Amino acid sequence: MVSLLHKFLENASGKKGQSLASTAYLAALDHLLNAFPSIGERIIDELKSQRSHLKMIASENYSSLSVQLAMGNLLTDKYCEGSPFKRFYSCCENVDAIEWECVETAKELFAADCACVQPHSGADANLLAVMAILTHKVQGPAVSKLGYKTVNELTEEEYTLLKAEMSSCVCLGPSLNSGGHLTHGNVRLNVMSKLMRCFPYDVNPDTECFDYAEISRLAKEYKPKVLIAGYSSYSRRLNFAVLKQIAEDCGSVLWVDMAHFAGLVAGGVFVDEENPIPYADIVTTTTHKTLRGPRGGLVLATREYESTLNKACPLMMGGPLPHVIAAKTVALKEALSVDFKKYAHQVVNNARRLAERFLSHGLRLLTGGTDNHMMVIDLGSLGISGKIAEDILSSVGIAVNRNSLPSDAIGKWDTSGIRLGTPALTTLGMGIDEMEEVADIIVKVLRNIRLSCHVEGSSKKNKGELPEAIAQEARDRVRNLLLRFPLYPEIDLEALV
């Protein structure tokens, strides 16, 4: 059998655009197809799937082949508990160098005092942040007050009292329905709600925007140890100067989760009071989403927290993932480029044009529009659920995700809205003209969904159906867009058949 690599090289002979990265990618697939066919085939299927859908899930993006290749190597075999140059294992010199470079690059990119690049995910980064705050602000002073140097010197009774004090600390953060994340403390099924006493703040029911006066009132009432700011489904920017003042007025630590908009900070779109770095005590983020890196987490902080973050292991982590840290380094270096800054600005320009087009068609968006990379469509006037819209749009090649509204009568599973974002489409090179085309396709699909009642066991459930003519038209328009803006154009899918 002629290998994928051989076919690729034959087809690429004499053509411009062939790269070492694409050659390496095909070589890896060749090996997997021979050694573990089921895995190799699934990777190819996923590539085909991503190349046949408009990826509009706001939390997703496309990483470069360089980022992906940095993950696929023997760095995964190295244990490196500890921090650079202070490991619990020997022979970590190369991993030390990589992690040190990653830390320094993160500090340069975000103009931060210190950085921890070890968290495996955004949820891990958030957990590390809250543990660092409790350790530094509660445990440290308590240990010193008792005349000890370390927590290990406490008696069992003293340690029990310390744990009770830590768990009694108050956290004030955005509710899930108002755009917060499940790790912001207000979802009882999540571990964060079990670490502290958590209280939510919500968007204003009329403006659907966060009300700083109300947040200030709640902060004065609850006196939180931690004030959380950030979002996963909120389409406006935040004023971190105001939030910092609220935190200072009630003696709170300001923790910002910028997982969704880190790339917009790195790219110079969010500046001054919209940039959390000069104002927050601790900032967490993922390294994918708008940063276009590997799946992973990152914590940035003021110098005050540096020694605590350097003890991420054993605070809440064991061994970091050095192969992913290598990929994070690549992505962060890519984000330092002029091209990335242009990309970040285009993401927001595209989102605004997309929102304007939806509004011109008469759809309702939460907050009335967007100032960042995403928006949430209220489907109430169309009489369909977010789950139905998500499924039907997926069937014509458009990937979105259902999203609950601040006052959602349907519930968190089916929801009354869908969330859309522009990071991935912008990575493909699409601009404002394409956003208008995409909006037109989506609106036509949504407005032509018909509901039919189906019996499932003892219950009745609505199911969405789309006339085949409308569905085929949408598929054709999506296909034409993706042919003009292919994912990884240097990789010929014909060679993968």
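In case you wondered, yes, glycine gets a Cβ from its N, Cα and C as well.
Taken straight from Swiss-Prot:
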BINDING   Leu176, Gly180, His181, Leu182, Glu306  (6S)-5,6,7,8-tetrahydrofolate binding site
MOD_RES   Lys289  N6-(pyridoxal phosphate)lysine
SITE      His288  site 'Plays an important role in substrate specificity'
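Projection of Swiss-Prot feature records onto the structure.
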residue	record	Cβ within 10 Å
Leu176	(6S)-5,6,7,8-tetrahydrofolate binding site	19
Gly180	(6S)-5,6,7,8-tetrahydrofolate binding site	26
His181	(6S)-5,6,7,8-tetrahydrofolate binding site	24
Leu182	(6S)-5,6,7,8-tetrahydrofolate binding site	16
His288	site 'Plays an important role in substrate specificity'	26
Lys289	N6-(pyridoxal phosphate)lysine	27
Glu306	(6S)-5,6,7,8-tetrahydrofolate binding site	14
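With respect to their backbone Cα atoms, His181 ((6S)-5,6,7,8-tetrahydrofolate binding site) and Lys289 (N6-(pyridoxal phosphate)lysine) stand 15 Å from each other. Looking at the residue listed as 'N6-(pyridoxal phosphate)lysine' and Gly180 ((6S)-5,6,7,8-tetrahydrofolate binding site), their Cα atoms lie 16 Å from each other.
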